[in-house]
Amino acid sequence: MGLPALEFSDCCLDSPHFRETLKSHEAELDKTNKFIKELIKDGKSLISALKNLSSAKRKFADSLNEFKFQCIGDAETDDEMCIARSLQEFATVLRNLEDERIRMIENASEVLITPLEKFRKEQIGAAKEAKKKYDKETEKYCGILEKHLNLSSKKKESQLQEADSQVDLVRQHFYEVSLEYVFKVQEVQERKMFEFVEPLLAFLQGLFTFYHHGYELAKDFGDFKTQLTISIQNTRNRFEGTRSEVESLMKKMKENPLEHKTISPYTMEGYLYVQEKRHFGTSWVKHYCTYQRDSKQITMVPFDQKSGGKGGEDESVILKSCTRRKTDSIEKRFCFDVEAVDRPGVITMQALSEEDRRLWMEAMDGREPVYNSNKDSQSEGTAQLDSIGFSIIRKCIHAVETRGINEQGLYRIVGVNSRVQKLLSVLMDPKTASETETDICAEWEIKTITSALKTYLRMLPGPLMMYQFQRSFIKAAKLENQESRVSEIHSLVHRLPEKNRQMLQLLMNHLANVANNHKQNLMTVANLGVVFGPTLLRPQEETVAAIMDIKFQNIVIEILIENHEKIFNTVPDMPLTNAQLHLSRKKSSDSKPPSCSERPLTLFHTVQSTEKQEQRNSIINSSLESVSSNPNSILNSSSSLQPNMNSSDPDLAVVKPTRPNSLPPNPSPTSPLSPSWPMFSAPSSPMPTSSTSSDSSPVRSVAGFVWFSVAAVVLSLARSSLHAVFSLLVNFVPCHPNLHLLFDRPEEAVHEDSSTPFRKAKALYACKAEHDSELSFTAGTVFDNVHPSQEPGWLEGTLNGKTGLIPENYVEFL
């Protein structure tokens, strides 16, 4: 029920009904007044709360903006960069939103609080004042009326008329006040319908504007939100794979820590307790010590994990001798004494165990070492990049593209291991290797075929993209600019050997076809990168850092798939020069110890001095020009070459011969001299000039001189007979009775001085085995039972009871 209307005619009657109606209107005004007061109070509390909320959100945004993600590794993937940038994006959105909130709060006081206060004070307050006046006039009118009615009729007529006139005036004034009051009450009741509600509407409009601004921010944020969601999902997927790899490595380290020890530049390193003499007795201080065998340098860093840091300055000494302490000569166990060249007295050290002391002793006294004899963690098989290998890959690709290109989870779902091995044994059987490429029967499941393809690539002696280029590929993936990544990877691919590049092109063309059907098989470019990254760029050693680089391996594969036509069908824009190739090899050799397979297949390779390498290149180039113009000019060029060979050059590194099974099956007829020729080291001392000493010089020294001096002749006359080259050498090379054996029977010439079976030999250089049939060793290792092998350029010897192959030019006979 609404309020009854106040009629002006009722003011004259001033009936009880009028009074009741007026009271109901007055009660409504009181109710409205109280409500507005409470509303203003709540509105102020709301504004204060909004200010506190805005302040808290700004502080939250500032915290987000200040935090910086630190990822493992020296670079971040695109996904990691997107995630790392997300906190700053969140902070920006929140700040923008709070700026709009502050504007809304400032307007709220003007559009809500002030109008309500004004309405309550001016309108309702005026009605209250009118009521007071009305009540006062009512009381006055009623009093005068009662007094007037009590006048006696015996009064004079003039007095009665005057009293009547006075009552009429008071009544008239009362009626006017009553009419004005009724008018004001009705006015306030009508005004509150808009003057009270309108500020609330304006406040809500400001609130809606704030929310709409948030909606617009959300729309603008949508693209980044989608990108971030994808990056988070990709990172989560990589985390699952990385976690399993790290957990597997952790279990291997638990089972055998020494076998999976990382390659270190130090011969030996670890914690030792060093005895320090004090004024009153001695104390044992914990040090982290490193030892380099080549320089005989021992570095001692005082460090205790319990105290949380270093306890002094580092100290380095040069080792003179190392002696084990007798058990009865000292109370401590596992002790040994070290004498230094540049420090007087004896340094007594305590190892952590008997085995630890044995390793330190063997490292320092030149005994046969057992450190760093890590087995290659990669599974090596009989797979090769030969005609059979290409046939196997083509068969698998043909079967996949004809029968299973749309199968979901292609290459991600693995086949049964026994079936995979059986299929590989069938494909690798030489009896069936020459069959057509479509002879994989339909009985083999697609997942078995795809697993066989991946397994064969993992069985190769080295990854398809080669160990020595792995760091370069990873660095290319870490470049910020996408074009730079593609360009660098393009250049690196064209530095791969021809067979590797052909196989990689074959594989990438196939993976591009798979990715083109990703709507059916669900294998996007990113998914294929996850599958093939660790296979094509598998690390040389299992470490946490290598596992963390898997994400960049995946990026490399993604780039190869997406840009396979450009990378494999076009030449790089800026091909690398020889000097750049040399620098890249030098950086690679500086960053980690090279394995045997990583040494380049050249006669000599400079690993320290770029200037000396360029000098030798200029000498060889001049010899090439002389040979091309006149073969007899070799006599002139030899005089300029001989002084360089007579000088002892420590920068000349011996190159390990290439195993025959790792060579291409059909070398090009136009290629340089076959690398299956034995290679020789440069002489370590100047060659004698007298005929007597020349006759007695080792064949190996003469061979080294011959190879270096006439490299140009050999390259220029590759198609001519070897005896023609030999006839040119006779004119300027000191006569040696076995020189012709270098060309007729190279193995016999090399082994003439070592024809006696079961001799001992000493390693001149360190080498890490790349095959199970090879031996790993360091410089100074002594081999037993050394004798010629069936493979050119290799010897067989025994080390620690194991017999295997040794690069011939890595050792000298004792």
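Cβ coordinates are placed from backbone N, Cα and C, and glycine is handled just like the others.
Database features (Swiss-Prot):
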| type | residues | note |
| --- | --- | --- |
| COMPBIAS | 624-648 | compositional bias 'Low complexity' |
| COMPBIAS | 662-672 | compositional bias 'Pro residues' |
| COMPBIAS | 673-696 | compositional bias 'Low complexity' |
| DOMAIN | 7-262 | domain 'BAR' |
| DOMAIN | 265-369 | domain 'PH' |
| DOMAIN | 383-568 | domain 'Rho-GAP' |
| DOMAIN | 756-814 | domain 'SH3' |
| MOD_RES | SER668 | phosphoserine |
| MOD_RES | THR670 | phosphothreonine |
| MOD_RES | SER671 | phosphoserine |
| REGION | 624-696 | region 'Disordered' |
| SITE | ARG412 | site 'Arginine finger' |
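Tallying C-beta pairs under 8 angstroms between the domain 'SH3' (756-814) and each of 7-262, 265-369, 383-568 places 265-369 first.
Mean pLDDT, taken over the domain 'SH3' (756-814), works out to 84 on the 0 to 100 scale.
Taking the Cβ of ARG412 (site 'Arginine finger') as reference, residues of its chain lying under 8 Å away and at least six apart in sequence are, in sequence order, MET523, ASN527, VAL530, VAL531. Secondary structure of the domain 'SH3' (756-814) per DSSP (helix as H, G, I; strand as E, B; remaining residues coil): 3 helix, 30 strand, 26 coil. Secondary structure of the domain 'PH' (265-369), assigned with DSSP and counted as helix (H, G, I), strand (E, B) and coil, comes to 15 helix, 55 strand, 35 coil.
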